[in-house]
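K.L.:
Dropping a structure here in structure tokens format, bear with me for questions.
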């Protein structure tokens, strides 16, 4: 039977356990010069824009200081140099045209909407463990392992599981998986269209990402059918790309918006749990059961200049890192069958180390694009000093707090958040959104960074000009960053996922 009103008795006493501290690689060590070079390559690709702005400013200042006699004298001189004037005019016209035609247009984030499940799908610790026991698929060792994982995971008592997980026994069918996908995607999209007053027929680009559920017709086709999107829509469905795929979807939508002018793009990021719950006893495959929960987000992007006035953010940078060439990194998150033929996602014991290496590579590339010159100089000089003179010299870790006001770190797990806080020398308030999102919603995969941004908005902390860094990592192994700039003082949109509970946060976490 499906139990929607399972009453939870008081939770059993917490389990005492000895836990070895899992460490990320120290970002102070082994920083590779090639990734610094890559970051400066991105910087130099925009060098024309950087130099043109001071030049225009100098011309404007000089022009403002000219009086009538200076202008008359300049006019008389130019009368005798018509050929020069003609050549300069041609160069100016062609140069301006070339610059306008080739420069990337701005991409604006008009609004976004995160899905929040109904109360009967909330998974308390007791409810989760009792349902796991009643399925009869787990032995006592596996049940105890899951109980320990839950207690130290950082998840709270209000995360959401799929409808089928409320059934005893669970019924992870294709129909149930479709129902979960439709409920999450359509729930987020309905609210987004309502808040923005954009008609579905106005959408020109659609990008959907979901790693583990890729039916035919695709998820993007399900959205096209539901909202009767136009026949020439450019739709994409990204599968198997892990928890960092949300940033990949943003990057793809951005590239499409650079080509197709005056249009809207919708990005939908979600994950599907129904058919990917593991019903076996292999510990490395039980961890996702304890961490991953239902969630999704729908994002409206625009390249229309008129939308700048109502948009929340402007996309500034996207930096992507892929370490899939390394076999150990490639297999650290791997969907497979266990010895009894039961399918699940296995997490390698080297996951934290591999994630740390990917994050280190990504932020080393991102640094030259976002850090102040003073921080770049100190970082670069200590790096060169270590390479040329003394390898034991302690390198300088740039202060990323000078580059960003807000941080949205993927809720991959408590240990990852802890170590990123330590290695990047962040303050507790900088990782508050990540910790509280993990507590309230669990690991919602690629959509987690948007629940975190919604948390910061709900707290009223985002002011005009503030910069936000979203960083996510996942299978492949990939680490991707998106940098946004607030175009106004941002307040939460109606039906925010934190609307009815933000007053209770932050909560004190006990592990």
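Note that Cβ sites are derived from N, Cα and C of the backbone, with glycine treated the same way.
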K.L.:
Which stretch, out of 18-39, 40-61, is listed as transmembrane segment by TrEMBL?
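P.N.:
Per TrEMBL, the stretch marked transmembrane segment is 40-61.
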K.L.:
Distance between residue 439 (active site) and residue 243 (active site) at the Cα atoms, whole Å?
P.N.:
17
K.L.:
Does anything in the same chain, at least 6 positions from residue 243 (active site), have a Cβ under 8 Å from its Cβ, and if so what?
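P.N.:
The list for residue 243 (active site) reads 211, 271, 410, 412, 443, 445, 446, 448, 472, 473, 474, 475, given in order along the sequence.
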K.L.:
Let me know how many other Cβ atoms fall within 10 Å of the Cβ of residue 439 (active site).
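P.N.:
Excluding its own Cβ, residue 439 (active site) sees 21 Cβ atoms within 10 Å.
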K.L.:
If you count the C-beta atoms lying within 10 Å of each candidate's C-beta, which of the active-site residues 322, 406, 410 ends up with the smallest number?
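P.N.:
Result for the active-site residues 322, 406, 410: minimum number of other Cβ atoms within 10 Å at 322.
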K.L.:
Determine the mean pLDDT over the domain 'Beta-ketoacyl-[acyl-carrier-protein] synthase III C-terminal' (405-485), rounding to the nearest whole number.
P.N.:
96
K.L.:
Which residue counts does DSSP give the domain 'Beta-ketoacyl-[acyl-carrier-protein] synthase III C-terminal' (405-485) for helix, strand and coil?
P.N.:
37 helix, 21 strand, 23 coil
